[in-house]
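> These came from TrEMBL, pasted as-is:
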ACT_SITE  444  active site, proton acceptor
BINDING   50, 114, 143, 144, 145, 312, 318, 319, 320, 321  FAD binding site
BINDING   180, 181, 182, 183, 184, 185, 186, 187, 203, 271  NAD(+) binding site
DISULFID  41-46  disulfide bond
DOMAIN    3-327  domain 'FAD/NAD(P)-binding'
DOMAIN    346-455  domain 'Pyridine nucleotide-disulphide oxidoreductase dimerisation'
Ligand SMILES: Cc1cc2nc3c(=O)[nH]c(=O)nc-3n(C[C@H](O)[C@H](O)[C@H](O)COP(=O)(O)OP(=O)(O)OC[C@H]3O[C@@H](n4cnc5c(N)ncnc54)[C@H](O)[C@@H]3O)c2cc1C
């Protein structure tokens, strides 16, 4: 069988790339080793984690916030099994939707492990050991990533777990130890904290979400502490031992002292590694970096001219929307178009409550690049909308060029900022100034008024409601 494009991996990078290539007239095949399509994102990532975050958020609200709205519920309770079942149904519906899209776009789906025979032939090995070889003029590697760990930690998938197991536990932990205060650790930590677990986060860096703007990390630490999460930053984990139903984590703090943490589960969320196992890249001569990423140029083309790679398996943020954009770019490039991605405008989001969202440069990045900037900040508590809902934590911060007023970065903590951040991304795509944003009429009362006010604070230093 001969195809114009063969995509290996059906995550958001792979399946979107397959659809775009088919839309542009190519004959396309996609290979996925698991029975369901959608990759990490749909099966064990974005979608199931958000389903559990939403369920646990409803419960938390019932326990902690209904009363202030005048609603009495006699001792709210939850059925964890039902929550997990609901999550599984959400995943099933969503992955089923991808199968529908493949059929709709006449994309041939092959179930099995794809591996290179040479630069144009891919062997698909099924679960039962049988195999077939298909030929592609162009190949797109979209094999994603897997959770990484530390060399001395043995993940037993029962008590010492990764995000994959944390999404399908049979019980709510009594005390969840979370190694790594990044996005995944904080989101899954939030789920279990809301459901009554003690949650202790152990982070090597001096702040949680270390790559984000420092003000954001500070505010997020403050609000999550208020919710009862415990944080131990500047702690380097040295060992993780399981004793029966107990997990003991030892770490060294800033002063060089050994600190011991004991819990019943330990989530290891120290990042993810690009996944190329089983691809036999050497047979096609495709180069990978020392860290195992497939090497690509600006067109996401590998050193072998007809082989491309996208998403988590290449450099850059490990995010579903980044993978999708790259999938579109490669498909359009192959069709002779001139697509483009602005990697500076890929939003970063944490789905805790309040949510966190950012786009563009942090203050630290602007300082490091010697860019003269001004900052405008507006607190969520000053908004009528926030007071009406009771979601008063957080802020919006707009960073703009001191000379041109161009918006260079926007950082937010607050209710629904995961959706709000796109206003900033659109503005920055069109190189808006802080004044532009400040002069746009925003609906009232909305959380988005904080963007207008922060922009005005950055532009002329005079927010109206503060
Ligand atoms: C708990 C969690 C929460 C997350 N939440 C978010 C979020 O809210 N927003 C966000 O943007 N990102 C989130 N992410 C990250 C997101 O899931 C990834 O960035 C995204 O899935 C990467 O897409 P991809 O297409 O590159 O790879 P993947 O989604 O990893 O898909 C790769 C696919 O390739 C298949 N494959 C691998 N090798 C082969 C082979 N040889 N043959 C055939 N098939 C193969 C795999 O089975 C897999 O299905 C989250 C991740 C986790 C773990």
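Just so it is clear, glycine is given a Cβ too, placed from its N, Cα and C backbone atoms.
Please situate the listed features within the shown structure.
Within the same chain, residues at least 6 positions away in sequence whose Cβ sits under 8 Å from that of residue 444 (active site, proton acceptor) are 384, 385. Secondary structure at residue 444 (active site, proton acceptor), taken from DSSP and collapsed to helix, strand or coil, is coil.
Less than 8 angstroms from the CB of residue 318 (FAD binding site) sit 145, 272, 312, each of them six or more residues away in the same chain.
Taken residue by residue with DSSP, residue 180 (NAD(+) binding site) is part of neither helix nor strand, so it is coil. Cβ neighbours of residue 180 (NAD(+) binding site) (same chain, under 8 Å, six or more residues apart in sequence): 201, 202, 203, 204, 268, 269, 270, 271.
Counting Cβ atoms from all protein chains shown, residue 41 (disulfide bond) has 24 others lying within 10 Å of its own Cβ.
Mapped onto DSSP helix, strand and coil, the domain 'Pyridine nucleotide-disulphide oxidoreductase dimerisation' (346-455) counts 41 helix, 33 strand, 36 coil.
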> State the count of C-beta atoms found within 10 angstroms of the C-beta of residue 184 (NAD(+) binding site), not counting that atom itself.
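Around residue 184 (NAD(+) binding site), other Cβ atoms within 10 Å: 23.
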> Please classify the secondary structure at residue 186 (NAD(+) binding site) using three-state DSSP.
helix
> C-alpha of residue 41 (disulfide bond) to C-alpha of residue 320 (FAD binding site): distance in Å?
7
> Rank the recorded positions 46, 186, 320 by the number of other Cβ atoms within 10 Å of each Cβ and report the first-ranked residue.
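Top count of Cβ atoms within 10 Å goes to 186.
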> On a count of neighbouring CB atoms within 10 A, which of the binding-site residues 143, 145 is highest?
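Of the binding-site residues 143, 145, the highest Cβ count within 10 Å belongs to 143.
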> Just how many other Cβ atoms lie inside 10 Å of the Cβ on residue 203 (NAD(+) binding site)?
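Taking every protein chain into account, the count is 26.
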